[in-house]
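For C:89-139, the entry in TrEMBL reads domain 'NADH-Ubiquinone oxidoreductase (complex I) chain 5 N-terminal'. Sequence annotations record features per position, and here TrEMBL assigns domain 'NADH:quinone oxidoreductase/Mrp antiporter transmembrane' to C:155-441. Under the heading transmembrane segment, TrEMBL lists C:24-42, C:106-126, C:138-155, C:201-222, C:228-247, C:268-286, C:298-319, C:395-415, C:435-457, C:477-500, C:520-542, C:626-644 (among others).
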Amino acid sequence: MTALITSLPTEFKVAQVDYSAIAPMLIVTAGALVGVLVEAFAPRRLRYAAQVGVALVALVAAFVVLVTVSVDAQGLTLERAVVIDGPALFLQGTVLLMSVLGVLTMAERFGGESPDAFTPMGAAVPGSPQEASAMRAGLMSSEVFPLTLFAVVGMMLFPAAGDLLTMFVALEVLSLPLYLLSGLARRRRLLSQEASLKYFLLGAFSSAFFLFGAALMYGYSGSIYLGDISKAITSASGELDGLLIPGVVFLLVGLLFKVGAVPFHSWTPDVYQGAPTPVTGFMAACTKVAAFGAILRLVYVGLEANRWDWRAGVIAVAALTMVIGSVLSVTQTDVKRLLAYSSIAHAGFILVAVLAFDKLGVAGTMFYLVAYGFATIAAFGIVSMVRQGGSEASHLSQWAGLGRNHPVVAAVFAFLLLAFAGIPLTSGFTAKYAAFSPAIAFGGRAGVSLVVIGVLCSVITAFVYVRLIVLMYFTEPAGGEVVAEMPSPMTTVALSIGTLVTLGLGIFPAQVLSLAESSSVFLR
Amino acid sequence: MTNPYVPLLFLLAIGGGFAVFSVFAASIAGPKRYNRAKLDAYECGIEPTPQAAGGGLRVPIKYYLTAMLFIIFDIESVFLYPFAVAFNQLGLFALVEMVLFIITVFVAYAYVWRRGGLEWD
Amino acid sequence: MTSLSTLAAAEGSAAAAATGITSAAWLLVALPLLGAAVLLLGGRATDKWGPLFATAMSWAAFVVGFLVWISMIGRPADGRAMHLTLFEWIPAGSFNLQAGMLVDQLSVAFVLLVTFVGSLIHVYSIGYMEHDPDKRRFFAYLNLFVASMLLLVLADSYLLLYVGWEGVGLASYLLIGFWNHNPAYATAANKAFVVNRVGDFGLSVAIMIMFVTFGTVTFAGVSQAAGGASEATLTAIGLMLLLGACGKSAQFPLQSWLGDAMAGPTPVSALIHAATMVTAGVYLVVRSGFIFNAAPDAQLVVVIVGAITLLFGAIVGCAKDDIKKALAASTMSQIGYMMLAAGLGPVGAAFAIFHLITHGFFKAGMFLGAGSVMHGMNDQVDMRRFGALSGAMKITWVTFGLGWLAILGVPPFSGFWSKDKIIEAAFVGEGWRPWVFGLTAMIGAGITAFYMSRLFFMTFHGKKRWTDDVHPHESPLVMTVPMMVLAVGSALLGLVLSIGGTFTHWLEPVVGSHGEESPVLAVPVITVLTLLLVAGGIGLAWMRYWRDEVPVVAPTGSLATQAARRDLYQDDVNEGVFMRPGIHLTRSLVFADNRGVDGAVGGMAAMVGGTSSRLRRVQNGFARSYALTMLAGVVAIFALVWVIQ
């Protein structure tokens with residue numbers, strides 16, 4: 001025991017920080033802090049404009065810095081705690097772009113005073129006099145923008161984390177704001193609060209798994225750095241092998257929870273349904289990107305050496321995720337829940353690519369994330385537009401006949417659904433192709449069987465989407481005035497970008513695909 | 001010598017055993033004379049607040065705010081202590097980092113203050 | 001002959017990378033596409049200047065095409081073809097397709113035709129569509145068409161060609177149904193769409209066969225690989241390509257849509273359904289010469305299809321009273337000529353393209369003339385209500401007349417130089433073929449002379465048979481100037497291009513050269529016979545439609561006339577042979593589907609649905625049971641991992 005104490009460093013070593021590598025994260029953090037200060041000091045009528053401005057400027061600036069400066073600063077920094085390499089940069093850039101779209105949709109006001117999707121006062125009891133008076137006073141939860149930025153910081157750090165503790169911190173930084181954001185829906189407050197609480201409880205549960213796994217891995221390898229863990233696995237003495245498998249499984253459980261893989265998916269439909277719709281879009285797209293980034297890094301850098309020991313578990317998870325996600329989407333009657341199950345199924349498809357254990361698998365995963373994310377944000381953006389009597393018409397029966405009154409909205413939504421289904425000429429097709437082909441090429445028998453399951457499940461989900469399209473176009477409206485609100489220019493921009501990217505990646509995937517391929521090598 | 005952790009295990013077992021023993025012993029041996037004060041919810045010695053609007057057992061958010069503020073500054077001081085101890089070795093870099101850290105924490109403080117989080121009523 | 005053409009094709013595959021102005025060839029597609037995008041996305045804001053902008057984009061494309069052509073002339077014959085790589089299109093493992101442009105003699109000829117005639121028709125449309133509230137959309141579609149057509153002819157692979165092919169199909173569909181508030185017009189658009197799908201199916205199957213057997217779909221790659229392929233494969237590809245060509249070019253048996261396509265505005269008929277798009281099938285066959293030359297059976301089918309169509313169109317043309325439909329029938333017949341020539345291999349391919357170019361000019365000119373007549377006659381199309389318009393519309397009369405002389409093949413007008421050569425080429429060969437095809441082509445020329453003269457005389461000569469409310473007047477300059485330009489082309493282009501065989505030499509590196517082969521009849525004999533037949537046709541028409549009174553209401557006529565009026569029962573045949581059995585088949589399939597397949601599929605669906613609702617109960621909304629699920633999941637994964645280990 002005394003040996004332990006003497007082995008502590010007596011000299012403090014100043015960490016080397018490559019500021020140009022982490023500048024994008026710092027910029028977003030600064031933006032979030034400025035947002036908090038705006039919330040504290042700016043007069044109320046200026047807050048909305050200031051918050052939206054700060055958030056957009058921070059995100060765009062971070063992206064610009066990322067593509068101009070950080071790309072040349074690749075390497076391990078902050079004493080190996082942060083790794084800025086190809087995948088990290090690619091995913092950080094993706095998160096930044098998507099969160100720009102996310103912020104644009106969150107800022108939608110539909111002609112009102114405050115962001116339409118959010119409650120004026122999150123702390124008030126639903127239906128209470130306080131809430132009513134807050135509504136009258138024109139209060140608003142403009143905190144959503146700094147919260148989003150904080151979440152983005154976590155999402156950027158998550159796939160760039162070089163050790164398990166940084167990864168855990170990133171996990172919490174991205175999760176906590178999301179727990180809050182989920183509870184801020186303006187309408188159906190109780191559902192929203194319930195969603196928030198469930199997300200928090202289950203999230204904490206999974207975080208505990210992750211932390212426990214990290215502790216076990218430290219016990220096994222004596223290090224929290226992914227590179228060291230990999231080395232320890234390769235040169236295993238066999239003495240502490242009992243810790244390895246539980247550690248791996250617990251770590252994976254923590255991450256698989258975030259992507260909504262079965263059997264850690266149960267929060268997804270409830271939270272997606274309860275959260276404010278733009279937040280759902282943001283969460284669905286960006287959290288997936290970040291969490292899959294972390295999975296890729298953990299698996300490819302840290303745990304690949306003993307993948308034969310734990311692969312079967314993840315294969316089972318992937319298969320279950322695809323099957324359960326697509327089968328359960330069949331009986332959904334709520335658009336948001338339907339999209340939630342579809343997102344679960346997509347998580348399964350992405351896992352297939354992850355399990356290829358090849359450079360191309362990394363590229364396929366990343367490409368799929370881009371394709372899925374943009375389509376998802378646009379799809380949820382449209383869900384928030386379709387309304388009946390001032391609140392979202394999320395029940396499927398309310399979507400009947402939408403194509404007659406709002407042909408453009410219905411057409412765009414139908415297009416996005418086709419993308420989710422993976423129809424050619426949409427990004428969904430190229431993404432599935434990019435994800436499945438490495439699985440066939442490098443995944444062996446398991447890879448091929450997963451792809452077969454994936455294709456079958458795609459058929460099931462395609463059925464669901466086509467049914468929704470048929471509902472929109474060939475069914476008489478059920479009655480009641482369902483309208484698609486005219487969105488503000490900002491949301492329109494977000495929706496158009498999301499749709500155009502979906503189309504563009506379907507027709508000209510080459511650029512993004514080759515970018516993903518060229519940035520698919522992890523630094524250790 | 002066996003594994004150095006074995007004594008620890010013993011300690012753990014004894015501690016746990018004591019806790020279990022005392023709970024059981026108290027329930028068996030102790031007198032049971034309830035009154036209103038004893039049956040009341042335990043709230044840090046403070047007079048329990050009445051139920052919040054909407055029914056149910058709600059604890060006012062004020063407690064949490066206070067607790068969270070405490071934690072924020074607690075963490076700050078947790079970092080400040082080792083920083084102060086090793087200040088000579090760390091140099092300018094750490095000073096700048098620490099100032100940034102404190103500023104970050106104070107941003108949160110400013111928010112709570114401006115939004116009325118420090119007003120008890 | 002075959003070896004020579006393979007050589008020529010191989011030469012084509014070695015096209016040098018584009019330099020100079022040729023490297024800007026992508027502008028050809030981009031400019032009109034930009035026009036279409038601006039007009040469609042710009043919405044009503046572009047109503048004012050949109051048409052002019054679209055016209056400018058079209059002219060700009062012409063300028064680019066012209067410069068590319070000039071630079072091409074400056075290079076020696078074997079260095080004229082150039083290849084321009086645009087971007088990596090589909091990188092998928094071993095199949096790596098780049099989107100590229102093949103700028104060679106053939107495609108540049110098309111580029112000039114499409115951009116020049118297209119631009120003239122843009123100008124004409126400014127006048128013709130002046131009062132249409134939706135003219136912005138019209139110009140956007142026109143630009144879209146020009147872009148797609150240029151993509152079609154500039155593509156360096158069958159797949160990219162297919163993109164352009166679908167693009168022109170889309171533009172054609174949109175423009176036929178432009179006035180879709182009229183249900184008949186919308187139906188016509190749908191008909192064109194459906195018939196074209198049949199053809200497109202053939203093209204896509206051809207592409208799939210190529211991909212499977214050769215592993216490539218670029219022209220260069222396929223032409224190289226075709227040398228080593230079996231004749232059966234090549235015949236299959238050839239027939240499938242022909243099916244595609246038949247759909248697009250309204251060839252027998254997929255000809256039925258063209259007449260109805262006249263529902264579109266007249267400039268559209270002129271540009272798409274006369275001058276350019278419908279000739280895409282001929283382009284496809286000529287471009288795929290390396291396949292057809294090695295598959296004589298497929299070639300024979302091409303010739304037969306061409307021969308049938310040229311007679312078919314000519315006969316139908318004799319009976320039509322609707323001026324646009326008569327012109328459409330004539331288009332069909334003329335494309336039959338081109339197809340016949342294209343099927344003859346290197347002997348005829350150059351003349352097919354030559355005729356295509358001259359036809360593009362005179363037929364577009366005549367369509368514009370017809371539009372001008374309609375413009376002056378309250379949009380009437382019934383020729384029995386025209387007559388004696390030569391006085392009222394002098395410019396239209398003269399320009400139309402030049403086009404008429406050209407299509408008749410009267411020397412020295414354009415049609416003579418191209419059509420006569422096709423007839424000569426049809427007489428080349430051994431055995432029964434030259435006689436059958438040559439005589440068909442020759443007789444076709446005679447019938448053409450009859451029905452075109454009938455059209456011309458009924459419209460411009462004879463007595464006035466106008467309805468009371470019309471006051472024919474000449475169209476404004478913006479319409480007549482394009483007609484004049486096209487008329488000049490109708491008159492002189494053939495002569496200019498055929499002096500010393502300029503045009504055929506120009507195309508030789510692409511379509512392959514051929515030795516001197518003399519027709520089974522002496523050339524002067526063929527020419528004289530053809531001209532005699534033409535003169536006979538004109539005379540007959542003169543007697544019946546100029547000298548004699550033309551009844552205002554069509555007489556019942558003989559059985560043959562009735563048949564021709566009903567397009568030789570093409571729709572009845574389609575309906576009887578395809579539609580009714582199709583409906584029955586569909587019904588019985590639906591029946592079988594309900595009973596058998598649905599039993600299986602429905603069972604599957606029911607199973608999925610049932611499983612789904614059962615699984616749904618697990619999602620009960622309690623966070624505690626969710627957590628329990630997670631825990632159970634962790635335990636299960638542990639169990640699995642340990643068992644596997």
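Cβ coordinates come from backbone N, Cα and C, glycine included.
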May I ask whether the transmembrane segment (C:298-319) has at least three C-beta pairs under 8 Å with the transmembrane segment (C:106-126), counting pairs 6 or more apart in sequence?
-> no
Leading stretch by Cβ pairs under 8 Å, where the reference is the transmembrane segment (C:395-415) and the options are C:24-42, C:201-222, C:228-247, C:298-319, C:435-457 = C:435-457
If one takes Cβ-Cβ under 8 Å and requires six or more residues beyond its ends, the residues near the transmembrane segment (C:298-319) are 234-235, 237-239, 242, 246, 250-252, 255, 259, 285, 291-292, 326, 329-345, 433, 436-437, 440-441, 443-444, 447-448, 450-452, 454-455, 557, 561-562, 564-565, 567-568
Can you count helix, strand and coil residues in the domain 'NADH-Ubiquinone oxidoreductase (complex I) chain 5 N-terminal' (C:89-139) using DSSP?
-> 29 helix, 13 strand, 9 coil
For the domain 'NADH-Ubiquinone oxidoreductase (complex I) chain 5 N-terminal' (C:89-139), mean pLDDT (0 to 100) | 81
